[in-house]
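Per TrEMBL, these features apply:
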- 34-54: region 'Disordered' (REGION)
- THR109, ASP183, GLU208, LYS238, ASP242: substrate binding site (BINDING)
- 243-404: domain 'S-adenosyl-L-homocysteine hydrolase NAD binding' (DOMAIN)
- GLY274, GLU275, VAL276, GLY277, LYS278, GLY279, GLU295, ASN398: NAD(+) binding site (BINDING)
Amino acid sequence: KKKKQRDYMLNVPNGISNTLMNTVSLCADPTAASYTDSSDDETSPREKTQVNSKGSSDFCVKNIKQAEFGRREIEIAEQDMSALISLRKRAQGEKPLAGAKVVGCTHITAQTAVLIETLVALGAQCRWTACNIYSTQNEVAAALAEIGVAVFAWKGESEDDFWWCIDRCVNTEGWQANMILDDGGDLTHWVYKKYPSVFKKVQGIVEESVTGVHRLYQLSKAGKLCVPAMNVNDSVTKQKFDNLYCCRESILDGLKRTTDVMFGGKQVVVCGYGEVGKGCCSALKALGAIVCVTEIDPICALQACMDGFKVVKLNEVVRHMDMVITCTGNKNVVTREQLDRMKNGCIVCNMGHSNTEIDVASLRTPELTWERVRSQVDHIIWPDGKRVILLAEGRLLNLSCSTVPSFVLSITATTQALALIELYNAPEGRYRQDVYLLPKKMDEYVASLHLPNFDAHLTELSDEQAKYMGLNKNGPFKPNYYRYQHHSTQSE
């Protein structure tokens, strides 16, 4: 019997400002001051022994005592993630993930916690780690650890910490993952390389980023993908809402919080005009920035032209730019040579998943001085005194330096949950050892769960109309090849 599948948003960041929450919480309870960022505590979480209230120590977070504040953050996120909560309530009776052992590697934020707790409510056992060393909300990780989720993550991990956390999630006695939920492909890569016997027994992989999907297709092409995988990134709901609408808002949030920059009249180049690039360009243009675009794809380039953006080569314009923003998912999009040619005060940041887009490693040389001016903001100073402002060391700006709207994350998380349910419950033979797109019917279901937020009422086809169009009255309403149009620059 096919279970109702519903999608759940996993990936993203937290809808409330930590600073604001800290202030509100301290006003309400002066004794809660200990939760405020504890970044003054330089002891590595790996060197601490912590236990939750149930006596478990199967986790590694910054400070388990922050759990109560983290719980409040999660409750706030739930208010704007009603579709995911609706999925939880509808499906928790039949426990469609009973027996699922999910190992996850995503951003650990209040919104992701709502996803994780939904998976647990649907019957799954979860072990979780962070896909980004800067985006973890320590208090949320503590709240998850308190309820018994094995979380290994904290804000400001080193590279070594990052891989150690992933290994602790996978390599544990008496527990073997049978599902993988990934954001970026690092967890999948680690299991494939280090634990091939575990990888072969996994029933399915759900991946939500451009970078991770690309790595899955590489494995598949080489004949090394021995399990079915679901490409959530290219589902319509994820592409349009997380990549486009979410980035349209969070790009401004991240830049304002880190630099207090004014956008009117600024010269900005956005590298890549996919969904993320479209969202960024739309927002920047609306605030009066003069935006140009770089692209390798003629179709995306033509879209940029029709939306009113000049398509250029980075080398031709880099010396005149006030901001350079990457969102391609590729590597070395901004090179050391181009960084050398930037003008004084140029802001450089990345909105793609991976930290490979800006060649940050090339800046760690003796002749350049790094000056940390505030959290996640470095001034790179050249010998002649020129400064380039680098944000989050080239890592994902909106998750490292700001937050993402809970509503958008609800859409992504619902999609992820449904994809896990689909792969875990699919009869043998439905999915082979390949990468699949989320079925259109599930995409439509995710969208329908979110319509009540807007008091939106769908029109129903009559029998005659359905027959005329050759459709089932309950959907799917569009063929798989249909491309939903965007209006990325007309919204202002």
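Glycine is treated like the rest: Cβ placed from N, Cα and C.
Keep in mind that TrEMBL annotations are predicted by a computer and have not been checked by a curator.
A simple Cβ count within 10 Å picks out one of the binding-site residues GLY274, GLY277, GLY279 as the most packed, and that one is GLY277.
Of the residues the record lists as binding substrate, namely THR109, ASP183, GLU208, LYS238, ASP242, the two whose Cα atoms sit farthest apart are 18 Å from each other.
Comparing the binding-site residues ASP183, GLU208, ASP242, GLU295 on other C-beta atoms within 10 angstroms of each C-beta gives the minimum for GLU295.
Of all residue pairs in GLY274, GLU275, VAL276, GLY277, LYS278, GLY279, GLU295, ASN398, the annotated binders of NAD(+), the farthest apart have Cα atoms separated by 22 Å. For THR109 (substrate binding site), the nearest of the binding-site residues by C-alpha distance turns out to be ASN398; the candidates were GLU275, VAL276, ASN398. Across the domain 'S-adenosyl-L-homocysteine hydrolase NAD binding' (243-404), the prediction's mean pLDDT works out to 93. When the binding-site residues ASP183, GLU208, LYS238 are screened for a Cα within 10 A of the Cα of VAL276 (NAD(+) binding site), none qualifies. Counting only the Cα atoms, the space from GLY274 (NAD(+) binding site) to ASP183 (substrate binding site) is about 18 angstrom. Ranked by CA distance from ASN398 (NAD(+) binding site), the binding-site residues ASP183, GLU208, LYS238, ASP242 have ASP242 at the top as the closest. For the pair LYS278 (NAD(+) binding site) and ASP242 (substrate binding site), the Cα-Cα distance reads 12 Å. The CA atom of LYS238 (substrate binding site) is located 22 Å away from the CA atom of GLU295 (NAD(+) binding site).
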